[in-house]
Amino acid sequence: CMNYMFPASYAWGNFTVLAVGIWAIVQRDSLDAIMMFLTGLLLTVLTDIIHVSVFYPPDYLTDRKRFSIGMAIFSLLLKPVSCYLVYRMYRERGGE
């Protein structure tokens, strides 16, 4: 549904951050990996706001469009919580 409502840049950005997040989890001693993950999450918050505001359809919403927008907004609402948890992981790994 992401490619139905939004351009491919939305999916590529979020899946890239997901891949960096997996790398950050696997590399438990790397500060660079967790910092890149945190930076990517913060950037995707900004780009998700832009995507939702630019590509929100002004006309009638089908069920698929409503679901796509709902999941994008739900993901956007959960990202600050994810940023906080990743920041705590960064601090536990010795970040300042």
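The backbone N, Cα and C atoms fix where each Cβ goes, and this holds for glycine too.
Unlike curated records, TrEMBL annotations are generated automatically.
Summarising the annotation, TrEMBL assigns transmembrane segment to 6-26 (among others).
What TrEMBL lists as transmembrane segment is 33-55 (among others).
Residues 1-2, 4-6, 10, 14, 21, 24, 34, 37-38, 41-42, 44-45, 48-49, 51-52, 56, 61 of the same chain sit 6 or more residues outside the transmembrane segment (67-87) yet have a Cβ under 8 Å from a Cβ within it. Taken from TrEMBL, the feature transmembrane segment applies to 67-87 (among others).
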Non-local residues, at least 6 beyond the ends, that sit with Cβ under 8 Å of the transmembrane segment (6-26): 33-34, 36-37, 40-41, 43-44, 47-48, 51, 55, 68, 72, 75, 86, 89
